[in-house]
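As given in Swiss-Prot:
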SIGNAL    1-25  signal peptide
MOD_RES   Thr147  phosphothreonine
COMPBIAS  192-209  compositional bias 'Basic and acidic residues'
DOMAIN    291-326  domain 'EF-hand 2'
BINDING   Asp304, Asn306, Asp308, Glu315  Ca(2+) 2 binding site
COMPBIAS  377-388  compositional bias 'Basic and acidic residues'
COMPBIAS  433-445  compositional bias 'Basic and acidic residues'
Amino acid sequence: MPTSVPRGAPFLLLPPLLMLSAVLAVPVDRAAPPQEDSQATETPDTGLYYHRYLQEVINVLETDGHFREKLQAANAEDIKSGKLSQELDFVSHNVRTKLDELKRQEVSRLRMLLKAKMDAKQEPNLQVDHMNLLKQFEHLDPQNQHTFEARDLELLIQTATRDLAQYDAAHHEEFKRYEMLKEHERRRYLESLGEEQRKEAERKLQEQQRRHREHPKVNVPGSQAQLKEVWEELDGLDPNRFNPKTFFILHDINSDGVLDEQELEALFTKELEKVYDPKNEEDDMREMEEERLRMREHVMKNVDTNQDRLVTLEEFLASTQRKEFGDTGEGWKTVEMSPAYTEEELKRFEEELAAREAELNARAQRLSQETEALGRSQDRLEAQKRELQQAVLQMEQRKQQLQEQSAPPSKPDGQLQFRADTDDAPVPAPAGDQKDVPASEKKVPEQPPELPQLDSQHL
């Protein structure tokens, strides 16, 4: 019989790496009044580049009564295979309209991303086939960019399921590269030191490693010893009265009937605190997060029998009946006891770093040469600018000189003075100006000839 969808888990995909079947699950009890929690926990980001679109689609689908009923009767396989997607044809018009708008917004967002990507890599005038590029986004149907159809929901479910399943592997690969880079830098640092300094640095490193290894025994995650320790130290209960069912209910924080990945990882905190302390120089918090992920994967592998990334009460109780539950041997092997890389992998990584460094150096050299060329060009432009300014100044000065030479002279009071022509008769000076001239030299104006007077009698 297929496993039914767990009730009360509408947002379980949104904690990192959970299946979409958990996301779309809804509470069975319709009579239960909605709980108003003003301080509700914000749903964590899945890390998917379409996380917001996924969250909004889920929120809209939850508002449709028909779809919720079908979800209650569905199983994880129906959801993952896309069978449930066909029920989208029966949702209300209002819900379909909202889904259509969400898809148009997502297509618009992806187009903007593509444009930015192409602008950064290619010539600005290059024509881009956005329709073809949209096909690389597998969580929606690029052939229909305006309406949200059953195919869109099917693609969204399948893509999210696949991407989330690959998330852990990507995290492990990232951690491996982090560890290799750390070792590479450590070796380069030691090579840069003198012999005495190198010996001192190596001694200090060995001392840090020794302190890091000195910690209490770490219990195997999911074992009886590990769960009892949580029961006693975290829950404050009597270890002799350990009850798996009660334990499950206590740590099902959101009371949805399953332990999701975040709820499981919370159980490992006490074990991690035995090994890692943020105050200690020798303890790497990146290693602690890798340790947490490895612990969760171990529990899921041994307890999550249907591999839906959720632990039901039945699965949890069944795991407590196995022999491995009580027999943990020497305990859990931590990260430093299980190297993340081999020497051969480190060698290839260093070759890759060397090639990248050479490429960056060549690029830096080209940029330096271009900068120098630009500097020389700038100097030439500045010199030409100064020459042009000097030429303009000289032209202005010459123009001013020409204007001064062509203008008539002015009297002391600023009035213009015009010169008389030399060929004209001299103009006598005003009377006031002749007072200093000798009387003998003064010219008397000639009198007109006197006409004879006629006698009126002769007329």
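Glycine too: its Cβ is placed from the backbone N, Cα and C atoms.
Mapped onto DSSP classes, the compositional bias 'Basic and acidic residues' (192-209) shows 15 helix, 0 strand, 3 coil.
Same-chain residues lying 6 or more positions outside the compositional bias 'Basic and acidic residues' (377-388) and placing a CB less than 8 Å from one of its CB atoms do not occur. Note on the compositional bias 'Basic and acidic residues' (192-209): residues 186, 281-282, 336 of its chain, located 6 or more positions outside it, place their CB under 8 angstroms from a CB of the stretch. Cβ-based neighbour count (10 Å, all protein chains) for Asn306 (Ca(2+) 2 binding site) stands at 13. When the alpha carbons of Glu315 (Ca(2+) 2 binding site) and the residue listed as 'phosphothreonine' are compared, the span between them is 40 angstrom. The DSSP breakdown of the domain 'EF-hand 2' (291-326) into helical (H, G, I), extended (E, B) and coil residues amounts to 23 helix, 2 strand, 11 coil. Asp304 (Ca(2+) 2 binding site): 20 other CB atoms within 10 A of its CB, across all protein chains. A Cα-Cα distance of 30 Å separates Asp308 (Ca(2+) 2 binding site) from Thr147 (phosphothreonine).
Along the domain 'EF-hand 2' (291-326), the predicted structure has mean pLDDT 90. In this structure, of the binding-site residues Asp308, Glu315, the smallest number of CB atoms within 10 A of the CB marks Glu315.
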